[in-house]
């Protein structure tokens, strides 16, 4: 309690210093930060350190007593529920709760919520203890690994969305942001970042959004250079020179002191991370404070020095259950386990209950347990159910197809995969009397045309990773996969179409299999080879 009171005093002091520092900086435009702004930054840094230490202790205690912690999380969900679907008197016990409420798929839950009314736009912020822990502990871990990142002017965000799940309880720009508070337009954010050559960290909502930023930077480079030249002609010349040298290593040419890229991990981001790391952000570290799915943060990243993609499933709100996934029996599985009951090496689908409704929602995100922190599982995300291909019972899941596509692209000279989506031929009526097959749309860098030999390599790789697919191809029950090369901006247009939907999820998940004809046609119109 004493620690909390001291923290509140620090925040109050920071709030009083903010207007004075802002006024002083306006009076000294172009000058170095004033002593008052420096004091403000030190107070903000101290508040972050104290708050993160407090959250770390809470996390340690909760992971040591997982059963009790999950009980508290469930109680929080029950108290905040807007419309209980059935009487739940006496169901605050986790076993009783699981027995009384059936499992619901995410698509079914959305239909129930939207029945008879239009869904509101999905919020870009998260609620519950875990989102605050992810932000505070992530900032502290980032500051420890890269001490200069939170220095004044050390960080820039280049997308309207933030990688930090919870808004900070103090002025964020006091901890390093160069962006104008409240700035939302992507062009404005990018221009402010380009005007700051001393950046140490680059932030974006997700890796897919950052990929769009760099593709847009290449397309609109001259226009951005002219905007920068209005205030700094020398910096505009540096921008033009950096762009002329191509995409590889562009970020470090623009910002020579850059150390790390911060994005929020979510479904369908792996290809964007790989493309950024191989081209525009070559030589930079990537850090994600959390793994997020629609409506909630479900994984904490506490180890920035370890390989990206390992997350702790915390026992705080929202309430998380694990549904065992066994090949061929996903639909029949009905009994979930709690966090302390997870077994290393096993795969589970995440089941979430949050404070907005009492729905035990199957998210479709499949994780594999790779270790433990106290009594809580540490996982890596494997795939998303519902992103598989199945035209004749072959059931090729997202991770299996991505492996095959990666192998094929590796055999295409000079090619680097940026993005892809698939469509089953029945969606586009493209079988034309032939066997059903996959229509595969890819965006590449380094290859402008696909030969028939290169197209055939994907089908061969699919047969290598899936014996069932190979058998069906041998019998002629499934036709060869057809590969289409898309023009620049095709997937950005697709994401804009998806985002225009009022109920589009946040963070934006990149679909790998399109089930709706109008979305498939959106890509079909942009085929160049």
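Residue positions begin at 1 at the first shown residue.
Cβ coordinates are placed from backbone N, Cα and C, and glycine is handled just like the others.
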Look up region 'Disordered' in TrEMBL and report which of 44-63, 64-83, 84-103, 104-123 it refers to. 104-123
Pull the DSSP breakdown for the domain 'GH3 middle' (312-384) and write it out as helix, strand, coil residue counts. 3 helix, 38 strand, 32 coil
With contact taken as 3 or more Cβ pairs under 8 angstroms (pairs 6 or more apart in sequence), are the domain 'GH3 middle' (312-384) and the domain 'GH3' (217-277) in contact? yes
